[in-house]
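Peer 1: Please read through the structure below; I'll follow up with questions.
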Amino acid sequence: MKRGLRRILLPEERKEVQGVVYRGVGEDMDCSKESFKVDIEGDMCRLEDFIKNRRKLSKYEDENLCPLHHAAAEGQVELMELIINGSSCEVLNIMDGYGNTPLHCAAEKNQVESVKFLLSQGANPNLRNRNMMSPLHIAVHGMYNEVIKVLTEHKATNINLEGENGNTALMSTCAKDNSEALQILLEKGAKLCKSNKWGDYPVHQAAFSGAKKCMELILAYGEKNGYSRETHINFVNHKKASPLHLAVQSGDLDMIKMCLDNGAHIDMMENAKCMALHFAATQGATDIVKLMISSYTGSSDIVNAVDGNQETLLHRASLFDHHDLAEYLISVGADINSTDSEGRSPLILATASASWNIVNLLLCKGAKVDIKDHLGRNFLHLTVQQPYGLRNLRPEFMQMQHIKELVMDEDNDGCTPLHYACRQGVPVSVNNLLGFNVSIHSKSKDKKSPLHFAASYGRINTCQRLLQDISDTRLLNEGDLHGMTPLHLAAKNGHDKVVQLLLKKGALFLSDHNGWTALHHASMGGYTQTMKVILDTNLKCTDRLDEEGNTALHFAAREGHAKAVAMLLSYNADILLNKKQASFLHIALHNKRKEVVLTTIRNKRWDECLQVFTHNSPSNRCPIMEMVEYLPECMKVLLDFCMIPSTEDKSCQDYHIEYNFKYLQCPLSMTKKVAPTQDVVYEPLTILNVMVQHNRIELLNHPVCREYLLMKWCAYGFRAHMMNLGSYCLGLIPMTLLVVKIQPGMAFNSTGIINGTSSTHEERIDTLNSFPIKICMILVFLSSIFGYCKEVIQIFQQKRNYFLDYNNALEWVIYTTSIIFVLPLFLNIPAYMQWQCGAIAIFFYWMNFLLYLQRFENCGIFIVMLEVIFKTLLRSTGVFIFLLLAFGLSFYVLLNFQDAFSTPLLSLIQTFSMMLGDINYRDAFLEPLFRNELAYPVLTFGQLIAFTMFVPIVLMNLLIGLAVGDIAEVQKHASLKRIAMQVELHTNLEKKLPLWYLRKVDQRSTIVYPNRPRHGRMLRFFHYFLNMQETRQEVPNIDTCLEMEILKQKYRLKDLTSLLEKQHELIKLIIQKMEIISETEDEDNHCSFQDRFKKERLEQMHSKWNFVLNAVKTKTHCSISHPDF
């Protein structure tokens, strides 16, 4: 039996067959090798040509094709038969990387025999590739009519199969104008009534593609099937567009004529209410318009038909300057004065789009010039703001009386054409309008003159022309509806040259209705050049106040203009408070204007700025306090300036750093300055307390703050704390001696220790140690009484806050139990009560002593950690108690025969002990098991295993994990906690110390020698254990070299800019003298970068001028989109 090929899978898989071997070549093999190698025993000549074509094979390999694809594309029918006979039927429809089957490849290469053979073998003709194209679509696209015929004759072929965008093969045939293929498809049952994704029928595609032969076949076939030509040619798609609309879009005159001859309705409208005529008018297709108008037989006025925007054909032609078309439309009766939905006539629309041929044509034809759009503008309003202005019109038109009368016509806002020309800055239009004796004092509804507009938009040449012939300064100083003069508007927008011109012409420094001067407006925008012009002219205007008491400094600070603030300070502007008691520095801080604050800090008037505030203002406090709250990074910079290193080398012994504390000394300095009548009380260490309040760790860790606290500690803190600790030890040490010297349980009184035996009930008085014991008892008693007095005084001082501190409750317990312990000195009390109180007293005495030590840095941080870990334990008490109850009661039920578990209370205590690791497995569980004392051994050991897993493993690890996490958190914020305690200690001490003493020990600065020891050997040893351990920080290295270089480059650029401006003015003068006409004469836009930026911000605002400006800058070109077929 003849062996065939084994099943062929995807390329790049090895196929082994008897007689035929197909090897896919991997990517790692040399590209010079054959991509595919087919060895066939016998019949080698038949495949010789196929194997030799390496270039094609390489291409096929890249496209991931299999041998059947190659054979189908090359027309190798015998090889295809050989491959198919040795494989399964699936190989017929195998796809390559693009989704193409062998039938696709055969159709694409116009291999008719391959197509026939594949179809005869059962290939599926309805499979589509990635581009949604079937073999029939590919054949139609390539115009392979024989292949089309073969495919359509096959019974399995779906002739109406949809491809990309829902297009059938019939539609693709119309796009190619292949009438022969169309005839074949129609004969085989292709549907003309099937539409694509956009609702287009084949008749639409034929009209758009200009396929006249296909169109004739389609109409004839439709007529044969009951659709008249007129009905068929007026089919519409989803957009209600007819074939005539699409034919006009393509611009094919013959197709349009064919559509009209077959009854296409010219007055049919699509969704946008546009007829095909409107499309043609937009394109400027005069021949098409003439054809359609001459072919129209309806009763309506087709020439003046309007679209959805109420625009006629003449509007469309005027918009795009189609002069010939407009002239033809006028000749056939087009209404030259019709208006669209926005009230625009063709004349206004042509003027707005700079279609000057149309404008002059319409004026010649007698178009009305007094028609206004919905904004009240006539055509002259739009003409004057175009480049070259009125020069675009013929000279004879400007002599017409009805056009001259328009120069004073106002729009809805009361603006005349002169206002428009001044706003846009067209000197030619301004000169022409002034030549008609137009009044420059005309006002708009918001009381703005043309000079207001020119000044607002920086039109320097226009301002010069307007001010050229004035005899008084009334125009210069007139205010608009808001009281703003041209000087205000020019300063507000940063036009320094205009400001300089206005000031030279006599403009006054007036205030608007809000009390704002020109300097207020310039400072609000941060225009330093404009501010300099104003300040150089009138220096006294720096201190002018508005209605809220704000100066120009307030405005510049609020908007964050640091350079403007620096300039005003350099011009010695007064630092004043507004009506809200806020200086410019308060406003900058509240608005978080970092650059403004940093600029003020670096200014030489910083100390003056710092002192301007009121002590009784709740929201505008001392600027230092506000800086800590709102801008801590600026406070850090200020503290950096308080560190002044010496000029010596850092490794030298004489190298020192001076720490200035003047910005941390608010309490003392303010106490001296606050008037006695003002009820203002400042807390000691106010600045540091504000840092603690707002959690400013980086500021508290700053070297200046650390040195400040160290100075306080050395001045009085260490002494006071040691005195407090010493007074506490007066009770602690005697109490400790009493507990150590006297045997617990023995009674004692003032006479001595009473030694008694429980067997004989005899008592013996020990008088040998009676005197020292008596002294210790008296000291404990007196220290406790002293403690009582101290606590009572603190209650009156701290009031409610006293009861919020748990340390105070602890001291009451200590003093009470201590007095009870030594009460036998005066009264006889039972010994058991005496020693129980003694145990409590000595415990809390030493625990409270531990809290005293947390004031010291080296050991205090560990005490804080111990406190945090204890709080973590308390948070887990809920879980802890429930586990204790669960296992304790369970063990009571199972092990109640043992003494340790005999009662529920004892069982709970024993379980608690087991939680700490004292499980006692042998005595409690193992030996009772061997003695058969366990009533429920399995349950008992199961409970033991559960206890071991939950408590020693899970619960303890949980507590350890929480403790480790809290320790890491405490270490992270250890600095803040330690310094906060130091600040609290010094604050409380300064509240109690007299002012004269504080003035004596307080220092405004200190000098530290980092390379020298600060204390003697004994003191260093003592400070190592108890005192603050300084971690010196380097002085911030502020390298100003880069800043200086940048500043030099800045000044060089300013010099170059000034030089270029002078050269520009010189060139302009030369051009004027030589009477050279240049397009630049019409440009009136001399703006700096900041001026242009401000102008862009203004133009982005919602305004009625926006679409006019856009039309002036660029002429819009209409691009009509058509559907993709």
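Cβ atoms here come from the backbone N, Cα and C positions, even for glycine.
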Peer 1: Of N337, N755, which does Swiss-Prot mark as N-linked glycosylation site?
Peer 2: N755
Peer 1: Taking the topology from Swiss-Prot, would C789 and F870 be on the same side of the membrane?
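Peer 2: Domain labels match for C789 and F870 in Swiss-Prot.
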Peer 1: Say a student had to find the N-linked glycosylation site annotation in Swiss-Prot: which of N437, N749 would be the correct pick?
Peer 2: N749
Peer 1: May I ask for the residues of the chain that lie six or more residues beyond the repeat 'ANK 14' (548-577) and have a Cβ under 8 Å from a Cβ within it?
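Peer 2: Those are 515, 517, 519-520, 522-528, 531-532, 535, 539, 541-542, 583-585, 587-588, 591, 593, 595-596, 598-600, 603, 605, 608-609, 612-614, 620, in sequence order.
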Peer 1: Near the repeat 'ANK 11' (446-475), which same-chain residues lie under 8 Å Cβ to Cβ, leaving out any that are not at least 6 residues past its ends?
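Peer 2: Residues 413-414, 416, 418-419, 421-425, 427, 430-431, 434, 440, 481-482, 484-487, 489-490, 492-493, 495, 497-498, 501-502, 505-508, 1084-1087, 1091, 1095.
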Peer 1: Reported as an integer number of Å, what is the Cα distance between C622 ((E)-cinnamaldehyde binding site) and C634 (cysteine sulfenic acid (-SOH))?
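Peer 2: Their Cα atoms are separated by 15 Å.
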Peer 1: Restricting the comparison to the recorded positions P395, P623, C634, which residue's C-alpha is spatially nearest the C-alpha of C415 ((E)-cinnamaldehyde binding site)?
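Peer 2: Ranked by Cα distance from C415 ((E)-cinnamaldehyde binding site), first place goes to P395.
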Peer 1: Quick one: of the binding-site residues C422, C642, K712, which has its CA closest to the CA of P395 (4-hydroxyproline)?
Peer 2: C422
Peer 1: For the repeat 'ANK 14' (548-577), what is the mean per-residue pLDDT, to the nearest integer?
Peer 2: 94
Peer 1: By a simple count of other Cβ atoms within 10 Å, which of C415, C422, C622, the binding-site residues in the record, is least packed?
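Peer 2: Fewest other Cβ atoms within 10 Å, among the binding-site residues C415, C422, C622, is found for C622.
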Peer 1: Under a three-state reading of DSSP, tell me whether C622 ((E)-cinnamaldehyde binding site) is helix, strand or coil.
Peer 2: coil
Peer 1: Using a Cβ cut-off under 8 Å and a sequence separation of 6 or more, which residues in the same chain sit near C634 (cysteine sulfenic acid (-SOH))?
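Peer 2: Listed in sequence order: K594, V597, L598, I601, M627.
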Peer 1: Quick one: DSSP breakdown of the repeat 'ANK 11' (446-475) into helix, strand and coil?
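Peer 2: Its residues divide into 16 helix, 0 strand, 14 coil.
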